[in-house]
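Visitor: First, the structure itself, so that you have it in front of you.
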Amino acid sequence: MSQVAAESTAGLDQQFVGLDLKSSDNQNGGGNTESKGRYIPPHLRNRETSKGVCDKDSSGWSCSKDKDAYSSFGSRDSRGKPNYFSDRGSGSRGRFDDHGRNDYDGIGGRDRTGFGKFERSGHSRWSDRSDEDDWSKPLPPSERLEQELFSGGNTGINFEKYDDIPVEATGNNCPPHIENFSDIEMGEIIMGNIELTRYTRPTPVQKHAIPIIKEKRDLMACAQTGSGKTAAFLLPILSQIYTDGPGEALKAMKENGRYGRRKQYPISLVLAPTRELAVQIYEEARKFSYRSRVRPCVVYGGADTVQQIRDLERGCHLLVATPGRLVDMMERGKIGLDFCKYLVLDEADRMLDMGFEPQIRRIVEQDTMPPKGVRHTMMFSATFPKEIQMLARDFLDEYIFLAVGRVGSTSENITQKVVWVEELDKRSFLLDLLNATGKDSLTLVFVETKKGADSLENFLFQERYACTSIHGDRSQKDREEALHQFRSGRKPILVATAVAARGLDISNVKHVINFDLPSDIEEYVHRIGRTGRVGNLGLATSFFNERNLNITKDLLDLLVEAKQEVPSWLESMAYEHHYKGSSRGRSKSRFSGGFGARDYRQSSGSANAGFNSNRANSSRSSGSSHNRGFGGGGYGGFYNNDGYGGNYNSQAVDWWGN
């Protein structure tokens, strides 16, 4: 037994010696001659004869160092060295490698290729190997992505009228406006994407806002609904990011990643009041960041938080967010605003109406965001009442006030009709309007309550109309599906509450119907602004009865301002309402005074410290002075058609103006 055991032990020792690569190499003088019976694992066979070839070992791809600086995927090391992974013996397996390269080790990382895509491996670290590259150079095109982003765009048909829209810019040293996109340097990427988007001419707000933002001036812009405000701030912001690169934000992200955290530091932040508007801005940002290294993200309430966090962890340079969800992400440690250079508040008055002021101040003033004067801040909206201009005093530094068109007014591209309809007759009147509308035309019907939206949708469905509805009680998925069906024309009638009234860009809406008029005139402005967008012509019809007497005067002012036909009964009611209310003091409507309609610094005089009241630097183009708060003049000359009367059942009236 002892002899057998000894022989067995000797046999095992001999086999181990045969497996010892180093002793075997030494015995053979380091040559390639193999001992008889020596076992070589498959992954090590012919290793010595494969120098200069990338072999996949157990730790990843290991490439020879004499390979060209560009990998087969088009990615490039930031110092011209090849993009290869270290061996198991010296690699850090996904941890931060601080030895000679300021980047994550490739093992288990997500390597960013030349087109900005990510490759996942075992761990989820983010490796941006193009951090020192020139961000102003476009990446290779993608036919699939280009088709996805730019296939649905369309341009307006009434841009000639934009030349007559009055524009007023107030503030020190206002940069001159542009007439064409080519008049200002925005870089190769932006100009290419403008061409893909089929934008031929800038709108008035774009003509003035783009050079102001490019000069890094703070801006408060008040422009008509549907005038192109989104592109007015995205184009210059992205252009500047492409020129400046990521700066300290990328370095901070990497330093944070050393300790296993995945906090993102966006360079630009856009705040929006609603989920729908946030998604819309995000989609526009995707278009203008095409072929760039900038990665936009969007976060909003009512959607899966985990999925939004995963999307953020892939990288975020431009963030579009609703205030509530952004505060949540900041408290979770997923978002840091330490290096935010650009802050945009879109539909700022709507955010205040929805009670977001505490969250906005928490984001801007009580966290790590750079202070005003260091960051670049812009506020955009269709209306700017007193509360918003007071917010501007706190957030903006030496800003320029830009009033494009008649502030708080409606577009002349929209034909407005007001008809007297009793409450019980509304549904039958609505059916008459829908029957007069072409089958391919999109119609948006606004109601005041969620219950009313569901009820009207059921009624139209029973009448065999293809319709859908959205309101605040619907899930985010249901709302997105409803908007998709409406945009695509599968269900050309959308019944909505005010949740869809602000900021939604559904470009080919032909007809907006106020089944229920809102209680304030500003909501009316935003509702009818869903049609007649960016140069297109549209129609807005409002059902008026005794329940709407509170907005009679403001509605009359608005119709006069937009040079619309005014029913004689509405003029009479406004006259009576005016004298009934005169004994109670001056109207508090935003349209009765100049505060919300012009630069607060000019109307308040020297009583407000911190505001520049120098009127000599005001610049004006294409229009006359504003002498009624938002433009226009007296009532004279606009009431030539007193026979309007609101009787639209007559065959002599062509509803569409043909």
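Backbone N, Cα and C define each Cβ position, glycine as well.
Below are the features listed in Swiss-Prot for this protein:
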REGION    1-143  region 'Disordered'
MOD_RES   Ser2  N-acetylserine
COMPBIAS  45-69  compositional bias 'Basic and acidic residues'
MOD_RES   Lys56  N6-acetyllysine
MOD_RES   Ser90  phosphoserine
COMPBIAS  94-129  compositional bias 'Basic and acidic residues'
MOD_RES   Arg101  omega-N-methylarginine
MOD_RES   Tyr104  phosphotyrosine
MOD_RES   Lys117  N6-acetyllysine
MOD_RES   Ser130  phosphoserine
MOTIF     179-207  motif 'Q motif'
MOD_RES   Ser182  phosphoserine
BINDING   199-206, 223-230  ATP binding site
DOMAIN    210-402  domain 'Helicase ATP-binding'
MOTIF     346-349  motif 'DEAD box'
DOMAIN    413-574  domain 'Helicase C-terminal'
MOD_RES   Ser455  phosphoserine
REGION    597-627  region 'Disordered'
MOD_RES   Ser603  phosphoserine
COMPBIAS  603-627  compositional bias 'Low complexity'
MOD_RES   Arg615  omega-N-methylarginine
MOD_RES   Arg628  omega-N-methylarginine
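How buried are these features, and what lies next to them?
Guide: For Ser182 (phosphoserine), applying a Cβ distance below 8 Å and a minimum sequence separation of six or more within one chain yields Met191.
With a cut-off of 8 Å between Cβ atoms, the residues of this chain six or more beyond the motif 'DEAD box' (346-349) that come close are 229-230, 233, 270-274, 277, 281, 379-385, 387-388, 391, 502-503, 522.
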Visitor: Residue counts in helix (H, G, I), strand (E, B) and coil for the motif 'Q motif' (179-207), per DSSP?
Guide: 18 helix, 0 strand, 11 coil
Visitor: Per DSSP, what is the residue tally for the motif 'DEAD box' (346-349) in helix, strand and coil?
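Guide: Helix (H, G, I), strand (E, B), coil: 2 helix, 1 strand, 1 coil.
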Visitor: Provide the three-state secondary structure of Lys229 (ATP binding site) computed with DSSP.
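Guide: Where Lys229 (ATP binding site) sits, the three-state DSSP reduction gives helix.
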Visitor: Given the recorded positions Thr203, Ser227, Ser455, which one's Cβ is surrounded by the fewest other Cβ atoms within 10 Å?
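Guide: Selected from the recorded positions Thr203, Ser227, Ser455 on minimum Cβ neighbours within 10 Å: Ser455.
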Visitor: When you tally the Cβ atoms that lie within 10 Å of each candidate's Cβ, which of the binding-site residues (Arg201, Lys229) has the highest tally?
Guide: Lys229
Visitor: Looking only at C-alpha atoms, tell me how far Tyr199 (ATP binding site) is from Ser455 (phosphoserine), rounded to the nearest Å.
Guide: 40
Visitor: Which value does the mean pLDDT take for the motif 'DEAD box' (346-349) in this predicted structure?
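Guide: A mean pLDDT of 87 is what the model gives the motif 'DEAD box' (346-349).
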